[in-house]
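Some notes on the structure that comes next.
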Amino acid sequence: MALSITFFLVLSTLTLSPLCIASTGTGLNLDPQFYDHSCPKAQKIIQSIVAKAVAKETRMAASLLRLHFHDCFVKGCDASVLLDSSGSIISEKGSNPNKNSARGFDVIDKIKSALEKACPLTVSCADILALAARDSTVLAGGSSWEVPLGRRDSLSASISGSNHNIPAPNDTLPTIITKFKLQGLNLVDLVALSGSHSIGQARCTSFRQRLYNQTGNGFPDSTINKVYASQLRSRCPKSGGDQNLFPLDLASPTKFDNKYFKNIVAGKGLLNSDEILFSKSKASMELVNKYADSVDSFFKQFSKSMVKMGNINPLTGNKGEIRKHCSKVNN
């Protein structure tokens with residue numbers, strides 16, 4: 001994906017979706033102008049480093065977006081996902097959803113280092129994750145939104161929460177709906193946020209069962225397009241090749257658009273958690289069709305749902321801290 005040299009101009013002039021504070025009230029203390037006086041260059045610094053990282057490796061846009069998601073679903077949006085194991089902390093990086101999968105930590109570290117030089121102990125790692133997710137989406141061609149800011153960083157991590165709260169590729173639709181509901185997110189948010197799979201890649205091990213043994217009877221998933229399944233089997237055998245990567249959106253793997261939803265309608269969703277949005281619920285199927293038909297509807301709702309997700313249980317005021325290094329708590 002070629003990066004536009006006018007990225008920063010585009011980002012600043014895009015029509016932003018109206019600020020949507022979570023209905024649960026968990027994000028009411030956040031403010032898009034939080035750093036206007038304490039660190040006025042914060043957003044430009046983050047944008048610049050994210051742009052360089054994505055120019056170097058297109059996949060990084062999806063990785064940074066995913067980090068924010070995996071952070072917010074565990075203890076709220078508090079940068080707990082960034083902590084390394086130390087003392088009483090067991091890192092979430094070793095959980096099932098993150099091990100050999102979560103990436104982009106080095107980019108976050110570069111951003112934090114630059115911000116510490118510009119305005120020491122001011123910008124939280126949690127806010128860096130939220131802004132990097134927005135910038136990554138824009139760089140990939142997606143919508144923009146105002147990011148409410150003022151989150152603080154946690155003093156602990158939860159590998160148990162990471163293992164149990166983050167939706168898994170093989171979860172049933174009711175299970176995924178429940179995991180979203182526990183975070184204050186509804187079905188509309190679930191389907192719209194699943195659209196983040198418009199970019200990025202997934203490992204063979206994440207969808208192998210769909211190709212060979214979907215329900216334990218030795219047969220493949222009947223909802224997957226047969227030609228597409230054959231293409232996948234060529235590089236995802238019954239055994240071996242666990243780490244082989246496949247685009248989540250085979251139509252436009254590096255462009256953030258609504259082709260992801262069109263793929264699902266055609267039986268070409270890669271993960272089970274993608275395809276069940278169309279095959280297991282009339283309500284979610286209607287939303288998939290809506291976003292497949294209108295990229296504007298998808299972008300508008302994705303922006304709203306990203307703000308809503310970013311408002312999950314933030315630490316504000318005197319809670320938590322502003323970490324000097326994102327991978328460890330302050331001494």
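Backbone N, Cα and C atoms are what each Cβ position is placed from, and that goes for glycine too.
Caution: TrEMBL annotation is automatic and unverified by curators.
Per TrEMBL, the feature signal peptide maps to 1-22.
Under the heading domain 'Plant heme peroxidase family profile', TrEMBL lists 29-330.
The disulfide bond annotation in TrEMBL covers Cys39-Cys119 (among others). Within 10 Å of the Cβ of Cys119 (disulfide bond) there are 15 other Cβ atoms, across all protein chains.
For Arg66 (site 'Transition state stabilizer'), the count of additional Cβ atoms within 10 Å of its Cβ stands at 23 [all protein chains shown]. Per TrEMBL, site 'Transition state stabilizer' is recorded for Arg66.
Counting every protein chain shown, the number of other Cβ atoms lying within 10 Å of the Cβ of Cys72 (disulfide bond) is 30. Positions annotated as disulfide bond by TrEMBL: Cys72-Cys77 (among others).
Under the heading disulfide bond, TrEMBL lists Cys125-Cys326 (among others). When Cβ atoms from all protein chains are considered, those within 10 Å of Cys125 (disulfide bond) total 30, not counting its own.
Around the Cβ of Pro167 (substrate binding site), a 10 Å sphere holds 20 further Cβ atoms from the protein chains shown. Among the features that TrEMBL reports, substrate binding site is placed at Pro167.
The number of other Cβ atoms within 10 Å of the Cβ belonging to His197 (heme b binding site), over all protein chains shown, comes to 24. Taken from TrEMBL, the feature heme b binding site applies to His197.
Marked as disulfide bond by TrEMBL: Cys204-Cys236 (among others). Close to Cys236 (disulfide bond) in the fold, though at least 6 residues off in sequence, lie Cys204, Phe207, Arg208, Leu211, Asn244, Phe246, each with a CB less than 8 Å from its CB.
What TrEMBL records for Asp249, Asp257 is Ca(2+) 2 binding site. Within 10 Å of the C-beta atom of Asp257 (Ca(2+) 2 binding site) sit 19 other C-beta atoms, taking all shown protein chains into account.
Per-residue confidence over the domain 'Plant heme peroxidase family profile' (29-330) averages out at a pLDDT of 97. By neighbour count, meaning other C-beta atoms within 10 Å, the densest spot among the disulfide-bonded residues Cys39, Cys204, Cys326 is Cys326. Take the Cα of Asp257 (Ca(2+) 2 binding site) and measure to each of the recorded positions Arg66, Pro167, Cys326: the nearest one is Arg66. Sequence-distant contacts of Cys77 (disulfide bond), defined as residues of its own chain at least six apart whose C-beta falls under 8 angstroms from its C-beta, comprise His68, Asp71, Ala126, Leu129, Ala130, Arg151, Met309, Gly310, Asn311, Ile312, Asn313, Pro314. In sequence order, His197, Ser198, Ile199, Lys259, Tyr260, Asn263, Leu270 are the residues near Asp249 (Ca(2+) 2 binding site), counting only same-chain partners six or more apart with C-beta under 8 A.
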